[in-house]
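**Student:** Sharing a structure with you now.
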Amino acid sequence: MLEDDFGREVTGVRVSLTDRCNFDCVYCHNEGLGDTRGPMEPGDSEMSTDDVVRFLEVVEEYDVRKVKFTGGEPMLRQDLEEIIRRTPDSMETSLTTNGTFLPGRAEALKEAGLARVNVSQDALDPQAFAEITKSGAYDKVMEGVRAAVDAGLTPVKLNMVVFEHTAGYVEEMVEHVAENEGLQLQLIEYMPELTGKPEWNIDIDRVHTWLADIADRVERREMHGRRRYFVNSDAASDGSDGGMVEIVDPVENESFCANCHRVRVTHEGYLKGCLNRNDDLRPMGEMTRAEIREAFEATVANRVPYYGEYLVKDDGEWVVNDEYLGVDLDPVTADD
Ligand SMILES: Nc1nc2c(ncn2[C@@H]2O[C@H](COP(=O)(O)OP(=O)(O)OP(=O)(O)O)[C@@H](O)[C@H]2O)c(=O)[nH]1
Ligand SMILES: C[S@@+](CC[C@H](N)C(=O)[O-])C[C@H]1O[C@@H](n2cnc3c(N)ncnc32)[C@H](O)[C@@H]1O
Ligand code: SF4
Ligand code: SF4
């Protein structure tokens, strides 16, 4: 297993399969790569099926055991089922999607070996949903979530970005997942770095405080040290956990970055050490196994935590701050 200079082992990869999308969400960071708008046809620049599979086979050699497929909208790739089928068996395979193509395809994804899906759903109100996503496909998304639950792609995590347009819908969404088996909620702090519009920010600490008040139990997840709140677990008739609500709050959060164990791959086949950075793109040449190995090792060796005092000025020169290694990571009590 590879470890970076900040003691972070790399256990997962996040692979963007395309930058195309059928939505145009007002906040979209597109994994740090900018606009999703453009032609809907497969781009020449996208990694081929074989490239993606070869990449996964190589990183498996380094004990990478998790892969997240994302985009753009990854379900625009017609070879998604094939990619999943050919993903090494040792890897947990998950997908983040806007959900519109899940109806009619969820079963096939499950059969191909997909473990679970996350579906972006920012509101339970069709009009608000349409305004945020610039699409009227609310019903399709609801249908997609049901199809995923029915196919056993569970837990289905609903991804809701908490920002000015959605803050009023948080409570309703928490109730929704608490009442519906198979669903969990991820409340994502709005990341303004890549989209501008800092005026849309909502103070995520207020959401933590509110959830801490109503939760029966709180855990900390290994990944990013994220907090998980269990709501209404007593009321759950099936003995399950009731509603599980996780807060994804990376912004200016050193502890989040200190627990970051994933390397990213862009749809064009560049490695990237951090979601928020665009100055660390590393090509993998012709994507031969040797080139992938070399680029992967170099990417891990050059990873830095985005938030955190990882660079300091010494005699006018920027140098890595060894003190960062002493950041209080807080005890992590929950496993993934
Ligand atoms: N800044 C930052 N944001 C992240 C990182 N990982 C995930 N996110 C954000 O978290 C949100 C949810 O991401 P998903 O792709 O659904 O999945 P996940 O939460 O990372 O992973 P699972 O919970 O294991 O499914 C997205 O808005 C991502 O941009 C990260 O390493 N850094
Ligand atoms: C870029 S999308 C790609 C996958 C898929 N198209 C989807 O929407 O789920 C991945 C996740 O990033 C989230 N996201 C996009 N821009 C964001 C931002 N500025 N701040 C926080 N999360 C954001 C989306 O809500 C989504 O859950
Ligand atoms: S559906 Fe996903 S990729 Fe598409 S615009 Fe929305 S957040 Fe971005
Ligand atoms: S270093 Fe921080 S900002 Fe960058 S990908 Fe990891 S958690 Fe996200």
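Quick reminder: no glycine exception, Cβ is built from N, Cα and C everywhere.
Relevant sequence annotations retrieved from TrEMBL are reproduced here:
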| type | residues | note |
| --- | --- | --- |
| BINDING | Arg14, Lys68, Thr96, Lys157, Arg262, Val263, Arg264 | GTP binding site |
| BINDING | Cys21, Cys25, Cys28 | [4Fe-4S] cluster 1 binding site |
| BINDING | Tyr27, Gly72, Ser120 | S-adenosyl-L-methionine binding site |
| BINDING | Cys257, Cys260, Cys274 | [4Fe-4S] cluster 2 binding site |
| DOMAIN | 5-227 | domain 'Radical SAM core' |
**Student:** I'd like to know which of the binding-site residues listed (Tyr27, Lys157, Cys260, Arg262, Arg264, Cys274) lie near ligand 2, counting only a CB under 6 Å away.
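**Tutor:** If the test is a Cβ under 6 Å from any atom of ligand 2, the answer is Tyr27.
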**Student:** For a quick check of understanding: given the listed GTP-binding residues Arg14, Lys68, Thr96, Lys157, Arg262, Val263, Arg264, what is the maximum Cα-Cα distance in angstrom, as an integer?
**Tutor:** 21
**Student:** Using a 6 Å cut-off on Cβ distance, which of the binding-site residues Lys68, Cys257, Arg262, Cys274 come close to any atom of ligand 3?
**Tutor:** none
**Student:** Among Arg14, Tyr27, Thr96, Cys260, please name the binding-site residues whose Cβ is nearer than 6 Å to ligand 1.
**Tutor:** Thr96, Cys260
**Student:** Spatially, and counting Cα to Cα, which of the binding-site residues is closest to Arg14 (GTP binding site)? Options: Gly72, Cys257, Cys274.
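**Tutor:** Comparing Cα positions, the candidate nearest Arg14 (GTP binding site) turns out to be Cys274.
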**Student:** Taking only the Cα atoms, work out how far Cys274 ([4Fe-4S] cluster 2 binding site) lies from Lys157 (GTP binding site), in Å, as a whole number.
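**Tutor:** Computed Cα spacing between Cys274 ([4Fe-4S] cluster 2 binding site) and Lys157 (GTP binding site) is 23 Å.
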**Student:** Which binding-site residues out of Lys68, Thr96, Ser120, Cys257, Cys260, Cys274 lie by ligand 4, going by a Cβ under 6 Å?
**Tutor:** Cys257, Cys260, Cys274
**Student:** Would you mind sorting out which of Cys21, Tyr27, Cys28, Ser120, Cys257 (the binding-site residues) have a C-alpha within 10 A of the one on Thr96 (GTP binding site)?
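**Tutor:** Checking each Cα against Thr96 (GTP binding site), the hits are Ser120.
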**Student:** For the domain 'Radical SAM core' (5-227), what's the mean pLDDT in this predicted model?
**Tutor:** 92
**Student:** Would you mind pulling the DSSP three-state label for Cys28 ([4Fe-4S] cluster 1 binding site)?
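**Tutor:** For Cys28 ([4Fe-4S] cluster 1 binding site) - judged by DSSP and reduced to three states - the answer is coil.
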**Student:** Applying a 10 Å Cβ distance cut-off over all chains shown, what neighbour count does Cys25 ([4Fe-4S] cluster 1 binding site) have?
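**Tutor:** Excluding its own Cβ, Cys25 ([4Fe-4S] cluster 1 binding site) sees 18 Cβ atoms within 10 Å.
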**Student:** For the C-alpha pair, I'd like the distance in angstrom between Cys21 ([4Fe-4S] cluster 1 binding site) and Lys157 (GTP binding site), rounded off.
**Tutor:** 20
**Student:** Measuring Cα to Cα, how many angstrom lie between Arg262 (GTP binding site) and Tyr27 (S-adenosyl-L-methionine binding site)?
**Tutor:** 23
**Student:** For Cys260 ([4Fe-4S] cluster 2 binding site) and Cys25 ([4Fe-4S] cluster 1 binding site), what Cα-Cα distance in Å is obtained after rounding to a whole number?
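**Tutor:** So the Cα of Cys25 ([4Fe-4S] cluster 1 binding site) lies 26 Å away from that of Cys260 ([4Fe-4S] cluster 2 binding site).
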**Student:** In whole Å, note down how far the CA of Lys68 (GTP binding site) lies from the CA of Cys25 ([4Fe-4S] cluster 1 binding site).
**Tutor:** 21
